[in-house]
Structures are given as C-alpha cells and as structure tokens.
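Input: a single structure, listed below in structure tokens.
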Amino acid sequence: MTPQAKLIFTSSLILGTTITISSNHWITAWAGLEINTLAILPLIAKSHHPRAIEAATKYFLTQATASALLLFSAMMNAWYTGQWDITQLTHPTACLILTSALAMKLGLAPFHFWFPEVLQGSPLTTALLLSTLMKFPPMTLLFMTSPSLNPTLLTYMAILSTALGGWMGLNQTQIRKILAFSSISHLGWMAIIVSYHPKLTLLNFYLYSLITATVFLTLNTIKTSKLSTLMTTWTKTPALSTMLLLTLLSLAGLPPFTGFLPKWLIIQELTKQSMAPAATMISLLSLLSLFFYLRLAYCATITLPPHTTNHIKQWHISKPTPSAIAILTTTSTMLLPISPLILTTV
C-alpha cells in the first residue's frame, strides 16, 4: 500500500471517529461510523491473502448490519417521539434494537463471533486499530445513551461476554485470537457498569486501550503472532519480552499494576448498587482469562525453546527498545499509585 493511500485511510479513520464522538444527531453519528468502516476495510485486506480478504468481508457484513440496525432504532425513536437527539432515546423497542446494534459494533457477546476471525486475518497494526480506535465511537454512543438502556439486559450480556471471552480463549495458540477473546472479556466489564457509572466504563476503555496498544506494538516489534514463535523471542529481545510479561499481567488486572484499577473500582461500584452476586460472578469468570494471560507471559519469558524446534533461531538484536513502547509500558504498569489523581477525573 502506498504512503498516500495509507494517509488517506488513516485521515478518514480519524475523521469518522471525530464526527461520531462529537455529534448530537443520529444521522451524523451513523455517517461517522460508516466512514470508519469504509476506511478500515483496505487496511484489513492490504496483504491480499485469502484470510485477509475473508476477514474484510466478514467485517464489512457485520458492521453494515449493525449500522442498519442503529439507523433503524434511531428512525423508530424519531417516528414515535419526534426526536433525533442521541440523548433523547426513550422508546423501549428502539433502545433494545440499539443495544443489539452497539453490541454488534463492539463485539460484545452474543454478537462476538466475527471479532476473533477478523482480528486473526488482519496485520498486527490493523488489529490494534480494530481493538482500540474502532471501538471508541460505539463506546461513546453507549456512554451517551446509557440512561435509556436496560441495565438487566446489559448485566446478562456482560456476564456472558466475560464467560465466553475467557472460556473460548483457553485453547487458542494464535496470539491475535487470544487478544480478541481478551477484548471480548474486557467489554463485559465495561458493559456491566455503564448503566450505573458511565464514566467508569470510559476509564476502563482508556486504560484497556493503553495496555492493549503496548501489547500489540511489542508483538509487532518482535514480529510474533503465534505461541510457538513467542517461545523463541527471549534470546532475541529479552528487554521487550520482560516488558510484555509486565504488560500482560497488567492486562489480566493483577495488583499492583494499572489494569487492577478499573476492576477494583467496578467491583466497588457494583457492591454499592447491591449487585454483589454479579460482582462475584464477573470476578470469578475473569480468572478464566487470567489463565491465558499467564500462558502468554510464561511462553514469552520463562519457556526456553527446545533444541529440535522447527522455527529458525532468532539472532540477538542489539537495537534499543522503541521509546513509544517504553513509555506505554511504564504507563500500562505503574499508574495504580496515582489512582487518587485519576479518580478526581471520574
């Protein structure tokens, strides 16, 4: 792909995201989502590999369906109430259809099946965009419409998402699929709290995006996409592998890392809302995803490759660690001590 084409698609992504997150009218929000979808498709399919073409096709069909549902719910609400304002969504059927549309856009269970397949067919940099930037506009719409949505339905979808994200990621050997199921599991944490404390959902999303960006950029630097090749990276880049270990533990939500902060706050808020059983269930289900984070961390740092490996041995590269990854790793692991400062913004 030429630099000019890449610049056009990247600018379109930023434009589409900006239009959606800054709009009050359903039509402009929908237009921004459509610009986003059309801009990311060439970035998914740029390798021209059959798997990449398949991923782009699946992504297009799913996002087109979700956009149609979103527009249908907005039109239904406008028909009954005369309101096109995003925050004035009051008709119950429109709210139900919108919940389905946003769940499909985000990859929230039970509309999650497209996400691992699309991520597996995309390059690592595009997979990073799909996991973070592309989820920001629908997350903003979820935030703006959260008072109108059914909290019970969102709680059930969130628990199902955390369960399926953890359960289906257990047996994976492809790192992109593991990170896709990790994303589905994290979306459960964001969805369960959105009706009660929407700002916590956004805080969770920002921190998740930060940590996921670190993981993807590290994997892109060491050119790894499978567990079997991850085992041979310690000899090549020990510093990056150590950073990956710390970032994965943060993504798992273990104290004293940054990833523990949103989970701690969400459990606290759920308990305040007399939802201790839901908080207990989602906490126990997140142990499933903890297993595959530890598996990734184990493969990256503790496992030595066997002498009969089928992979080409990596030469030790003495290049310095990219400064962006160093800064991201620091913020991904060390923000917990300044949590009182972060809480002043929530």
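Yeah, the Cβs are placed from backbone N, Cα and C, and that goes for glycine too.
TrEMBL does not curate its annotations; it predicts them automatically.
Away from its own ends, the transmembrane segment (7-23) comes close to residues 29, 31-40, 42-43, 86, 129, 133-134, 136-137, 140-141 of its chain (Cβ-Cβ under 8 Å, at least six residues beyond either end). Here TrEMBL flags 7-23 (among others) as transmembrane segment.
The domain 'NADH:quinone oxidoreductase/Mrp antiporter transmembrane' annotation in TrEMBL covers 23-288.
Using a Cβ-Cβ cut-off under 8 Å and counting only residues 6 or more beyond its ends in the same chain, the transmembrane segment (59-79) has close neighbours at 26-27, 29-30, 33-34, 37, 40-41, 44, 88-91, 93-95, 97-98, 100-102, 104-105, 111, 114, 118, 130, 141. Annotated transmembrane segment per TrEMBL: 59-79 (among others), in sequence order.
Feature annotation from TrEMBL assigns transmembrane segment to 91-115 (among others).
Beyond its flanks by at least six residues, the transmembrane segment (153-171) meets 96, 99, 103, 108-110, 112, 116, 177-178, 181-192, 194-195, 275, 278, 281-282, 285-289, 291-292 of its own chain at Cβ-Cβ distances under 8 Å. What TrEMBL lists as transmembrane segment is 153-171 (among others).
Here TrEMBL flags 203-222 (among others) as transmembrane segment.
Distant neighbours of the transmembrane segment (243-261): 182, 203, 207-208, 210-212, 214-215, 218-219, 286, 289-290, 293-294, 296-297, 300-301, 321, 325-326, 329, 331-337, 339, 342; these residues of the same chain sit at least 6 beyond its ends, with a Cβ under 8 Å from one of its Cβ atoms. Look at TrEMBL and you will find 243-261 (among others) tagged as transmembrane segment.
The feature transmembrane segment is assigned by TrEMBL to 281-304 (among others). Within the same chain, residues 158-159, 162-163, 165-167, 169-170, 172, 175, 178, 181-182, 185, 188-189, 192, 227, 230-231, 233-234, 241-242, 244-245, 248-249, 251-254, 263, 267, 270 sit at least 6 positions outside the transmembrane segment (281-304) and bring their C-beta atoms closer than 8 Å to a C-beta of that stretch.
Marked as domain 'NADH dehydrogenase subunit 2 C-terminal' by TrEMBL: 290-343.
Same-chain neighbours of the transmembrane segment (324-343): 203, 207, 210-211, 213-214, 217-218, 221, 240, 243, 246-247, 249-251, 255-261, 265, counting only residues six or more beyond its ends whose CB sits under 8 Å from a CB of the stretch. Sequence annotations record features per position, and here TrEMBL assigns transmembrane segment to 324-343 (among others).
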